[in-house]
Structures are given as structure tokens and as C-alpha cells.
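As written in TrEMBL, here are the features:
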DOMAIN    34-327  domain 'Plant heme peroxidase family profile'
DISULFID  44-122  disulfide bond
DISULFID  77-82  disulfide bond
DISULFID  128-323  disulfide bond
BINDING   201  heme b binding site
BINDING   202, 247, 255  Ca(2+) 2 binding site
DISULFID  208-235  disulfide bond
């Protein structure tokens, strides 16, 4: 009789579901109303396999598009929320604003290609905003980063944000930590979120125009001299149009080398290197540089948290048939 409680406990433990993937080890933030982990299980259960298969092929040809897709997602969420508004084209749209003019056109094209593939398999049930979010998740995973669940159920906005909002919402590569913290705080993102999400710069490139002021007319004192020499070779003048890896150690791998760069004075952008120069963020940079698993855990929580900024769900917004135009505009063009 004395062993019955223990036996019951063992039976209870044995009946619990096993951890089926690495994603379940992550500390996820609460879900926003209307979002769910398995939102499309009943309407498009092959959604994630379609996205992964296509992006694996895309990255085999051009791995740089992983960073391009991740950047599109960040720029979408920071302006008006994660609603696919950055995908809308137009002379006065978000893509025309200065912070978005360096988004890779091919990355935007890939999202619309995914939209077509998914619609062919499942019909018009998956939003462009969700496809953008899934593409960002795959960009991380397929370049060596952590796998994680992405909450789904977003709907697409009917319009894009005003140019002034786009300019004010996306941090500049020259922003200091104080400015960055304000931008993040305005979106209910923390100091931890700031440092972890900055780690996305472990993949991708920066153009000379984004960091030339750290070289000309005088070299930034926070920059390692040998690293500066390398950058001078890439950007022989302030007007050079070349580009180099944001993380020169492993520019195509999602890892923690970006933080190692910062510790060594080899951060490319002023906004990056400033994270190591500011006492408020320096300790986290050092921790992430020394422990990749810690960075991965915090990045996952931060990016899932960011992915839920001001989402449209339920009856709000729409599910666009073409990611580049609202359905009403698409219908008008078809009629013409």
C-alpha cells in the first residue's frame, strides 16, 4: 500500500507526451490573441514542408537570401506590426522609404513565390504575413541556427504605413544604444530582446554606405586596427558601393560569432559595436560570445515575441491573393 502513490506518479509521468523536437525546449512568450502553434493543421498541414523545401533550394543557389528574408521580417514587424505591409508595392509604399530601399528585391520575390506554391497546394488560406514569418524561421534554421515553433494566424494589412512612420520605426545603423532601447521599448521589447535580436546580424552583409563614416574622414576609435585595414580595402572611399559580411568570421552561418566580433572590436556597424561599448548591454554581449546555446535560447524567445507585434487576426485584415497588392486592388486590375 505504501508504494501506490509512487506507482501512480510513475504511471502519470509515463503518460506525458515526449519532447518531439528541439523547439519544445525553448522558453516561448505567451501567444497573442488569435495566434496558435498549429493554426493551419486542418487547412494546410503541408505548409511548413512546402516553405522549407523551396527555401532549401533557394539557399543552395544563394545563401545570402536567408539574411534578406530575415531582414524583410524585421522591417515588416517594426513598422505597423507583423502584417505583411512591407510587401505592398507602390511609389509611396514602405519599400520606397529610405530604410527599406536596400531590402533585397529577390527576397521579396521569394515570399510571393512561396505564396503561389502554398495557394496551389491549399488554396487561399495562408496569409502573406505568416509566410514571411515562416520564411524568417527557416532562414535561421537552414543556416545552422535553432529550430523553433512560429505562432501562426496573422492576417494581411489592407494598406502600408506612411513614409514618416517607416523612417521613425526602423533603427539606423548609426543608432546608439539609448536610441535603440527607446525604439525597442516603444514596441514592448526589452534590453535582452535588443541584444538577442541584434544577433541576427550574424548572417548577411553591410554596404559601405552604412559604415563608411566609421572609416572616413577618421577611423572609429572603437574599431580594431587590422579590421579597419580590411574594411579600407573593401571600401577604398566613402562613396564605394561594395559590401562585406556583417559577421566576417562566418557570414553565411547563424551562430554566435557576431558577438565574438563585437568583443574584438570587429563589429561592422556603429549600432552593433555600440552594444559592447555601452555598460547596459556589454555583459550580455560577452555572455552570448561565450555561450552559443544561451544566445540561441534568448534569440528564439525574442524573435517569437517580436513576431506577435500588433498582429491582425480573426476578421481583421485579409488573406492576400498576391502579396504585393491588396485584394481590392488586385480585383480592379483583373477587371481592367
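Residue numbering: from 1, along the chain as shown.
Cβ atoms here come from the backbone N, Cα and C positions, even for glycine.
For residue 323 (disulfide bond), the nearest of the recorded positions by C-alpha distance turns out to be 82; the candidates were 77, 82, 202, 235. In sequence order, 201, 202, 203, 257, 258, 261, 268 make up the list of same-chain residues 6 or more apart from residue 247 (Ca(2+) 2 binding site) whose Cβ falls under 8 Å from its Cβ. Between the CA atoms of residue 44 (disulfide bond) and residue 235 (disulfide bond) there is a gap of 47 Å, rounded to the nearest whole number.
Residue 202 (Ca(2+) 2 binding site) counts 29 other C-beta atoms within 10 Å of its own C-beta, drawing on all protein chains shown. The recorded positions recorded for this entry are 128, 208, 235, 255, and the Cα of 128 lies nearest to that of residue 122 (disulfide bond). Listed in chain order, the residues near the Ca(2+) 2 site other than 202, 247, 255 are 199, 201, 203, 249, 250, 251, 253, 254, 256, 257, 258, 261, each with its Cβ within 8 Å of the site Cβ centroid.
Residues belonging to the domain 'Plant heme peroxidase family profile' (34-327) score a mean pLDDT of 97 in the model. Note: the Cα of residue 235 (disulfide bond) and the Cα of residue 77 (disulfide bond) are spaced 31 Å from each other.
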